[in-house]
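Asks: Take a look at the following structure, please.
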Number of protein chains: 2
Amino acid sequence: MGKFDNLLNQCKFDDRGLISAVAQDHLTGEVLMLAWMNREALEQTLQRRVACYWSRSRGKLWVKGETSGHFQKVKEVLIDCDQDAVVLRIEQTGGACHTGYRSCFYRRVEEDGGLTVTGEKVFEEGEVYGKP
Amino acid sequence: MGKFDNLLNQCKFDDRGLISAVAQDHLTGEVLMLAWMNREALEQTLQRRVACYWSRSRGKLWVKGETSGHFQKVKEVLIDCDQDAVVLRIEQTGGACHTGYRSCFYRRVEEDGGLTVTGEKVFEEGEVYGKP
């Protein structure tokens with residue numbers, strides 16, 4: 001029996017077998033992304049201290065950074081009252097967002113309904129993920 | 001046509017008609033809760049500047065604080081790259097968690113798999129929600 005089995009058994013994975021995971025910069029508190037974890041992704045994250053998610057679009061386990069090099073070193077994991085969501089307090093290499101912004105939440109909704117880019121661009125998408 | 005219709009039309013509500021919403025203290029960055037919004041909840045939140053969610057358990061619109069008095073005043077709304085999640089930067093009255101903690105994420109997962117309460121208790125559950 002693994003040391004995280006008790007915790008994993010208590011987690012309330014939904015009908016797709018998933019919980020939500022919020023990644024937050026451990027120093028600034030900036031919310032960087034929201035993603036999904038199945039049981040294996042959460043166990044890997046806890047064991048390796050590197051964020052690992054479940055990619056719904058690709059249908060596979062996804063170590064964040066495996067393509068881009070933009071790994072997330074896990075400093076702290078918090079779990080919510082319902083045990084169906086976690087917060088990862090992380091150290092982000094590069095940017096969390098595939099668009100090149102540090103955070104996926106790089107746009108503010110203004111009171112008139114418009115969007116303003118408020119996030120910091122930290123890399124060029126084409127240079128990291130490659131483009132044909 | 002409402003001033004948020006363009007934005008709402010671009011949002012990618014899932015097959016249940018929902019997006020994820022992360023509420024975060026606007027001053028400290030503490031993640032307080034994760035909840036769900038349908039189109040109406042997001043529109044109400046943007047218009048009234050008070051957090052309004054969709055309660056999956058009760059199947060209805062839910063102005064956070066309507067029972068407890070623990071409203072969330074919305075200071076800023078951020079939207080993610082995929083337009084299926086928002087971050088609300090809020091001023092929280094009382095606590096966000098129904099258990100009496102300021103944040104739903106009040107427990108840390110330790111490296112040995114144990115849980116440590118690290119959150120701040122700000123009210124007694126029975127005094128706020130009532131108990132028979």
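Numbering starts at 1 and runs along the chain as it is shown here.
From the backbone N, Cα and C atoms, a Cβ is placed for every residue, glycine too.
Marked as domain 'Phosphoribosyl-AMP cyclohydrolase' by TrEMBL: B:33-106. According to TrEMBL, the Mg(2+) binding site annotation covers B:D80, B:D82, B:D84. The Zn(2+) binding site annotation in TrEMBL covers B:C81, B:C97, B:C104.
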Asks: Cα of B:D80 (Mg(2+) binding site) to Cα of B:C104 (Zn(2+) binding site): how many Å, rounded?
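Replies: Pair distance, Cα basis, whole Å: 22 Å.
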Asks: Around B:D80 (Mg(2+) binding site), how many other C-beta atoms are within 10 angstroms of its C-beta?
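Replies: Here the count is 25.
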Asks: State the count of C-beta atoms found within 10 angstroms of the C-beta of B:D82 (Mg(2+) binding site), not counting that atom itself.
Replies: 16
Asks: Given the binding-site residues B:C81, B:C97, which one is most crowded in terms of C-beta atoms within 10 angstroms?
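Replies: Highest number of other Cβ atoms within 10 Å: B:C97.
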Asks: List nothing but the one residue from B:D84, B:C104 whose Cβ has the fewest other Cβ atoms within 10 Å; the candidates are the binding-site residues.
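Replies: Among the binding-site residues B:D84, B:C104, the sparsest Cβ neighbourhood within 10 Å belongs to B:D84.
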Asks: At the Cα level, what's the spacing in Å between B:C97 (Zn(2+) binding site) and B:D82 (Mg(2+) binding site), rounded?
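Replies: B:C97 (Zn(2+) binding site) to B:D82 (Mg(2+) binding site), Cα-Cα distance: 28 Å.
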Asks: In angstrom units, rounded to an integer, how far apart are the Cα atoms of B:D82 (Mg(2+) binding site) and B:C104 (Zn(2+) binding site)?
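Replies: B:D82 (Mg(2+) binding site) and B:C104 (Zn(2+) binding site) have their Cα atoms 25 Å apart.
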Asks: List the helix, strand and coil residue totals of the domain 'Phosphoribosyl-AMP cyclohydrolase' (B:33-106) as derived from DSSP.
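Replies: Helix/strand/coil tally for the domain 'Phosphoribosyl-AMP cyclohydrolase' (B:33-106): 10 helix, 31 strand, 33 coil.
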Asks: B:C104 (Zn(2+) binding site) to B:D84 (Mg(2+) binding site): how many Å between their Cα atoms?
Replies: 22
